[in-house]
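Q: Once you've had a glance at the structure underneath, I'll fire off some questions.
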Amino acid sequence: MKALLVLLLAQLCSASLVPEREKDPEYWRRQAQDTLQNALRLQRLNQNVAKNLILFLGDGMGVSTVTAARILKGQLQHGQGEESLLEMDKFPFVALAKTYNTNAQVPDSAGTATAYLCGVKANEGTLGVSAGVTRDRCNTTKGQEVTSILRWAKDAGKAVGIVTTTRVTHATPSAAYAHSANRDWYSDGEMPPDALEGGCKDIARQLVENIPDIEVILGGGRKYMYPKNVSDVEYPHEEKHRGTRLDRRNLVQAWREAKPPSKVAEYVWHRRGLLALNLSRVDFLLGESLHPRVPWHQLGALGDPWPVLGCWGSCSGQLSSQGCCCLQGTQALHEAVELDRAIGLATRLTSTQDTLSVVTADHSHVFTFGGYTPRGNPIFGLAPMQSDVDRKPFTSILYGNGPGYKIVAGERENVSAVDFAHANYQAQSAVPLRQETHGGEDVAVFARGPMAHLLHGVHEQNYIPHAMAYAACIGSNRGHCNAAARPATPLLLPFLSLLLLLC
């Protein structure tokens with residue numbers, strides 16, 4: 001009945017799908033001419049030295065996700081959706097990045113993070129090391145470590161920050177500071193004996209020791225910072241949240257002790273603690289929630305998780321990669337819209353004259369939407385047709401593989417019998433897998449600000465941090481820089497302002 005009702009409504013509304021202004025050819029001509037004039041103005045290139053660098057990374061945010069998120073954003077604003085603009089759509093320069101790992105056609109988040117943060121392509125599953133390192137082989141790591149743009153910025157006297165809606169030790173952010181033969185070595189409790197005996201360090205320990213003066217660290221995964229079986233401060237009676245460290249170290253305490261006595265270092269573990277800080281008096285901030293990832297539909301009901309900073313990703317991504325791996329397209333796309341909201345706020349807080357902002361993804365997912373849907377069709381809705389093979393309806397959003405593959409009475413599940421618009425609905429997939437896989441196609445790179453024009457065309461993914469470093473006169477390639485023109489304004493305030501204004 002639900003499917004028939006949706007199809008009937010689509011037929012009744014088909015005559016009014018096209019806005020009146022779009023029936024006039026002059027509307028499209030004027031739009032094209034306005035766009036042309038904007039393009040011509042870009043010939044006056046912004047070649048300033050970038051004072052600030054901001055990288056937004058949507059984990060798993062492929063091009064199909066960007067398009068679907070754009071439609072969702074417009075529909076949330078009571079429009080048809082297709083004509084909407086994401087904040088990243090307004091960035092004047094767009095490129096494509098080739099995401100493959102050195103040993104993988106379809107990449108993982110560790111090898112890609114090494115590319116877009118360290119400027120070097122690497123093997124899948126490895127972090128902050130060259131392709132000379134084999135996954136799980138601790139003894140191949142020594143001498144193969146590569147540094148990230150965060151380190152380059154810190155060495156140039158900049159204040160730096162990592163803000164993520166996943167674990168701080170997750171593959172996506174940890175390539176900024178860690179060197180590891182395995183992305184899963186979050187604490188020494190997850191490392192095999194041979195790696196420990198070989199002298200390799202876990203990722204949480206490297207967060208504290210490798211670059212001890214990162215001004216802002218906000219994310220999740222605090223259990224990896226505490227000794228094994230130490231009760232969690234928020235969930236003291238839940239065993240799964242207890243500390244995991246075998247070396248019995250309290251890394252939060254170690255982080256504090258590493259700071260000069262003259263500096264103020266604050267540790268917080270929930271939103272209330274963050275909002276209570278006088279940030280003008282804070283030199284270093286470490287915030288680790290147990291679970292900063294909050295389903296979009298629960299945001300209004302929960303008070304402890306971090307303020308929503310869009311998402312470190314979107315599936316769609318990470319937030320969304322998690323949404324995508326579970327095929328929860330509804331959650332993933334809402335998270336992509338939240339990420340875009342954060343991008344818009346960062347744009348308003350900074351100037352394109354001195355701030356280079358880049359939005360990209362580490363990889364895509366096997367996420368798609370189609371089915372000849374009419375203009376304005378709900379992005380989470382049904383296609384206006386049934387399969388001409390099994391005579392069942394299907395949703396516009398589908399996945400190439402994953403847990404959404406369901407057979408009921410020997411046939412494909414009839415989606416009209418389920419709530420396909422629910423936040424936790426698992427979209428149907430073509431191939432049954434317990435977890436959906438990444439996709440292997442190129443991802444978009446959006447850029448705005450000084451030297452943004454360097455991000456154009458089709459690039460290897462590892463090109464991104466080199467272009468950003470060139471714009472900011474950091475890293476090894478500084479021959480073009482005028483020392484007198486290098487501003488030293490820190491990055492700390494933009495990061496913290498962004499967090500607070502989203503609360």
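Glycine too: its Cβ is placed from the backbone N, Cα and C atoms.
The structure displayed is predicted, hence computed values, not measured ones.
So TrEMBL says this about it:
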ACT_SITE  SER109  active site, phosphoserine intermediate
BINDING   ASP59, HIS170, THR172  Mg(2+) binding site
BINDING   ASP59, ASP362, HIS363, HIS438  Zn(2+) binding site
SIGNAL    1-15  signal peptide
Q: Count the other Cβ atoms sitting within 10 Å of the Cβ of SER109 (active site, phosphoserine intermediate), across every protein chain shown.
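A: By my count, 27.
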Q: Over all shown protein chains, what is the count of other CB atoms within 10 A of the CB belonging to ASP362 (Zn(2+) binding site)?
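A: So the number of other Cβ atoms within 10 Å of ASP362 (Zn(2+) binding site) is 32.
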Q: Whose Cβ, among the binding-site residues HIS363, HIS438, has more other Cβ atoms within 10 Å than any of the rest?
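A: Compared across HIS363, HIS438, the most Cβ atoms within 10 Å surround HIS363.
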Q: If you count Cβ atoms within 10 Å of the Cβ of ASP59 (Mg(2+) binding site), leaving out that atom itself, what do you get?
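A: Result for ASP59 (Mg(2+) binding site): 35 other Cβ atoms within 10 Å.
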Q: Let me know how many other Cβ atoms fall within 10 Å of the Cβ of HIS170 (Mg(2+) binding site).
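A: For HIS170 (Mg(2+) binding site), the count of other Cβ atoms within 10 Å is 26.
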Q: In whole Å, note down how far the CA of SER109 (active site, phosphoserine intermediate) lies from the CA of HIS438 (Zn(2+) binding site).
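A: Taking the Cα atoms only, HIS438 (Zn(2+) binding site) lies 9 Å from SER109 (active site, phosphoserine intermediate).
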